[in-house]
Amino acid sequence: MAKRTLDAFFKPSTTPPKRPKTEPTESTISTPETNNISIEETKPPSHHSSYPIPIAQLPSHVEVGLEHATPATSPREINNQPHLDLLHFQPYIPRPTANELFKFLRRELPFYRVQYTARRGDVETQINTPRWTTVFGVDETSTFIQQDNGPNSLVLLETKTKTPIPKTKYQCSPRPIPACLDVLRKQVEAANAAAGTQNPGYNFCLVNYYASGEDSIAFHSDDERFLGPDPNIASLSLGGERDFLMKHKPFVPGGNVNGTADGCMSGAAHSMSGPGGTGVTRSGTLSGGTLNTVSPGSRPVAVPLQQIKISLGSGDMIIMRGATQSNWLHSIPKRKGQTTRGRINITFRRAVIPGGTNNYYHYNVGTGGMYRWDEVAREMVLRDGKVKNATG
């Protein structure tokens, strides 16, 4: 053992004291994106006359991460209940890249807090959407065609004839999917193909921002007619972790528990159905989350229909396929106390008629002001009092 001189006992130590380790949080992680400082060269932003602002393209380090590291895991199939067909990637995008993508999209996209009127019978109710929303895309009857290399060269034409659309075709001005989201669209389509799913041909991208656990979306299904039969819906989560709940729709007379449950309730009715709702079908009854099927000359057979809860972290993705939307509801419930970190949810889907385009812009852009993320205030701030080219 080395001997120390007498002077060494009286000299101050040159080794700094160890500091306790702390977990990094959204506010303590310093990146070029969070400080609004551009260190790397990026491509020119996406422009279009329907955009309220130019939309930046992905930083190169995020684009490289997406290109070389996705999917981060193979999907797990979830099909252990009637009419359920899910692919669950945990994660699809590696966590570090997903967190960078979350901060980039929150900062660069225009968002809206849509208000609309809902009629139930003779009563009209003013609805304040409990989350921030934005949308891009157009249904399959129209297409954006690039006429030249200019920044505003995308023109909306009829898909079949490649002629300009009539001015009265839409009640809104459709917005092309910007490059930063189109990269994701193409990758998610490739993930479908790798899993043996027919190319869904996504033409819409909806983006929800949940600022805290108070923001939510009620039980619903994406089964509107304008999505066509058996729609494929991909849902990608970025940022904070939230619970994703699913429950089977109530049954009504005419159902078929062995195939597509054509007797399931649809439309506004499912949003008002509680967990384990009660319904009746020729094939059986649904009570307390159990479907009792009856065959002629046999005793009832109980088929458990459990409510599903999946915790979705940053980079996780759920793809809902087949008869799922026709038979199951899904939601992101409120979670008090989860206020430290926001969450972005990106969904890709395909609309087949103009009614889908009008619907998505009405409920996700509306006619109110545009909001942008303010890094100093750490919240969405109103930037424009009126939506440019909004729904009429």
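Glycine is no exception: its Cβ is also placed from the backbone N, Cα and C atoms.
Note that the structure is a prediction, hence the values are computed from the model and not measured.
Per TrEMBL, 2-oxoglutarate binding site is recorded for Asn208, Tyr210, His220, His330, Arg343, Thr347, Arg349. According to TrEMBL, the feature substrate binding site maps to Asp223. Annotation source TrEMBL lists compositional bias 'Low complexity' at 25-34. Here TrEMBL flags 201-352 as domain 'Fe2OG dioxygenase'. Here TrEMBL flags 1-50 as region 'Disordered'.
Recorded features from TrEMBL, shown on the structure.
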residue : record                      : Cβ neighbours (10 Å)
Asn208  : 2-oxoglutarate binding site : 22
Tyr210  : 2-oxoglutarate binding site : 25
His220  : 2-oxoglutarate binding site : 14
Asp223  : substrate binding site      : 22
His330  : 2-oxoglutarate binding site : 22
Arg343  : 2-oxoglutarate binding site : 25
Thr347  : 2-oxoglutarate binding site : 19
Arg349  : 2-oxoglutarate binding site : 25
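Taken together, the residues in the domain 'Fe2OG dioxygenase' (201-352) have a mean pLDDT of 75 on the 0 to 100 scale.
For the residue listed as 'substrate binding site', the nearest neighbour among the binding-site residues Asn208, Tyr210, Arg343, Thr347, judged by Cα separation, is Thr347. A coil conformation is recorded for the residue listed as 'substrate binding site' in the three-state DSSP classification, outside any helix or strand. According to its DSSP assignment, Arg349 (2-oxoglutarate binding site) is in a strand. The maximal spread of the 2-oxoglutarate binding site, taken as the longest Cα to Cα distance among Asn208, Tyr210, His220, His330, Arg343, Thr347, Arg349, is 20 Å.
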